[in-house]
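J.: Handing you this structure, nothing more for now.
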Amino acid sequence: MNPGRTGRARWFLLAALLLVALNLRAPLTSLPPVVGQVSDALALTPAQAGLLTSVPVLCFALLTPPAALLLARLGPERSVLVAVVGVLAGELLRSAGSVPAALAGTAVLGAGITVGNVAVPVVIARDFRDRSAAVTGAYSATMNLGSALTTTLTVPLAAVWGWQWALAGWGVLAVVATAAWGGAMRSTAPAARLDGAQHGSGAPHLGRPMAVLTAVLCVAFSGQAFAYYAITAWLPEILHSRLGLDLAAAGGAAAPFQLCAVAGSFAVPLALSRRVPARAVSAVVSLCWLSLPTGMLLAPGATGLWVALAGAAQGGSFTLIFTLMAQRAPSVAAARRASAIVQTTGYACASLAPTVLGAVHTASTGPGSDGWTAPLLLVLGVLTVMGGMMLVATRPVRG
């Protein structure tokens with residue numbers, strides 16, 4: 001850990017970091033449950049409604065390089081503060097009650113989350129290097145917890161307060177995170193702040209081993225992100241079509257894909273702390289991910305099991321990828337650059353995933369076919385490549 005912090009300050013930093021993490025996915029998953037209400041109230045076209053859900057992921061892809069430059073200039077602490085303030089501003093603007101405000105607010109919160117995506121792993125690499133697996137797991141689990149909270153509670157809140165207050169109300173989480181992070185910044189040693197800003201500036205040289213690892217993780221995270229956003233977008237419809245569930249039941253059957261990610265996020269660091277080889281952990285995570293498309297194709301009767309296993313796997317693979325970056329990066333600046341490269345590539349692929357899977361489904365739908373075999377095979381292929389790259393990334397480091 002960072003030697004510039006006392007034990008109490010480190011625990012406070014961790015608590016503040018997790019409060020920030022609670023805001024890095026929750027705003028994205030609060031909208032889909034009430035998007036119909038929003039569309040009706042604002043008279044949105046289908047294209048505009050689609051933008052409200054796709055713009056944040058596009059921000060992840062397009063704004064990660066500028067976010068990395070901002071991180072280099074401001075340092076991790078100020079960048080995280082910018083992130084949570086941006087999320088709060090975006091949530092409030094999105095709920096203002098007009099189409100321009102909804103679109104602008106979505107872009108603002110997407111930009112804020114992008115800065116957080118880049119800055120938080122750098123804080124973990126700098127301040128929790130010796131415990132990076134556990135802290136990355138807690139970070140990933142907390143993001144998924146935020147997703148579960150907003151997915152579950154936004155509709156009941158909207159029934160009482162209306163969709164505008166239901167969406168804006170989640171800004172309370174950002175207010176709490178902003179206050180906590182401000183306190184954490186005051187407890188930061190000046191030397192630590194300078195390390196984050198000065199050594200993080202410019203374009204750090206990764207060195208050949210880290211450059212190779214970064215390239216491998218680009219492919220792995222692209223597969224992870226593509227599969228995650230494709231499945232998140234289409235799993236309820238797949239369950240509706242293949243199993244004959246009504247849409248409400250299909251949504252409930254898909255919920256473990258998000259909820260079980262919390263278990264996977266904690267299981268990976270626990271296994272690593274018990275000295276289970278990272279390669280073995282990677283293999284198990286990849287097999288669990290692969291079970292969803294394979295099971296849906298060969299044994300759809302056990303869909304509940306496949307959904308739960310894949311949910312745990314998507315949380316675990318995210319944790320493992322960012323743990324490897326934190327542990328292997330030779331410096332904070334190198335961690336920042338590697339994280340930016342990996343996230344830019346991965347989220348660019350993720351932004352295409354729902355559209356690509358939908359297009360494949362449309363093209364393969366015909367007499368006697370529900371059109372979902374080809375999309376599931378595509379996800380299976382993507383995850384197979386991801387699994388192979390994870391095995392390469394987790395090879396034992398010599399020397």
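FYI, residue positions are counted from 1 along the chain as it appears here.
Cβ atoms are placed via backbone N, Cα and C, with glycine included.
Curation does not apply to TrEMBL; its annotations are automatic.
Feature list, courtesy of TrEMBL:
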- 54-72: transmembrane segment (TRANSMEM)
- 79-96: transmembrane segment (TRANSMEM)
- 102-125: transmembrane segment (TRANSMEM)
- 137-159: transmembrane segment (TRANSMEM)
- 165-184: transmembrane segment (TRANSMEM)
- 211-235: transmembrane segment (TRANSMEM)
- 247-268: transmembrane segment (TRANSMEM)
- 280-299: transmembrane segment (TRANSMEM)
- 305-326: transmembrane segment (TRANSMEM)
- 338-360: transmembrane segment (TRANSMEM)
- 372-393: transmembrane segment (TRANSMEM)
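Tell me about the setting of these features in this model.
T.: Within the same chain, residues 17, 20, 23-24, 27, 31, 52, 67, 70-71, 102, 104-113, 115-116, 118-120, 123, 163-165, 167-168, 170-171, 174-175, 177-178, 181-182, 185 sit at least 6 positions outside the transmembrane segment (79-96) and bring their C-beta atoms closer than 8 Å to a C-beta of that stretch.
Remote same-chain residues near the transmembrane segment (211-235) are listed as 57, 254, 257-258, 289, 292, 307, 310, 314, 317-318, 321, 324-325, 328, 338, 341-343, 345-354, 356-358, 361, 375, 379, 382-383, 385-386, 389-390, 392-393 (criterion: CB distance under 8 Å, separation of at least six residues from the stretch ends).
Long-range contacts of the transmembrane segment (247-268) within the same chain, counting only residues at least 6 positions beyond its ends with a Cβ under 8 Å from a Cβ of the stretch, are 29, 133, 137-141, 144-145, 147-148, 151, 231-232, 235-237, 239-240, 281, 285, 288, 303-304, 307-320, 323.
Within the same chain, residues 121, 124-125, 128-129, 132-133, 136-137, 139-141, 144, 213-214, 217, 220-221, 224, 227-228, 231, 235, 253-254, 256-265, 267-269, 272, 278, 281-282, 285-286, 288-289, 291-292, 294-296, 299, 335, 338-339, 342, 386, 390, 393-394 sit at least 6 positions outside the transmembrane segment (305-326) and bring their C-beta atoms closer than 8 Å to a C-beta of that stretch.
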J.: With CB pairs under 8 Å as the measure, which of the listed stretches 54-72, 102-125, 137-159, 372-393 comes out on top against the transmembrane segment (338-360)?
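T.: Against the transmembrane segment (338-360), the leading stretch is 54-72.
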J.: So which of 54-72, 137-159, 165-184, 280-299, 372-393 is most in touch with the transmembrane segment (102-125), counting Cβ pairs under 8 Å?
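T.: Answer, by Cβ pair count: 54-72.
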J.: Under an 8 Å Cβ to Cβ limit, what residues of the same chain, 6 or more beyond the ends of the transmembrane segment (165-184), are close to it?
T.: 9, 12-13, 15-17, 19-20, 22-23, 26-27, 30-31, 34, 77, 80-81, 84-85, 87-88, 91-92, 94-95, 146, 150, 154-155, 157-158
J.: By a Cβ-Cβ criterion of under 8 Å, what residues six or more beyond either terminus of the transmembrane segment (372-393) are in contact with it?
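T.: For the transmembrane segment (372-393), the list is 213, 216-217, 219-220, 222-224, 226-227, 230-231, 234, 238, 241-242, 279, 282-283, 285-287, 289-290, 292-294, 296-297, 317, 320-321, 324, 356-357, 360-361, 363-364.
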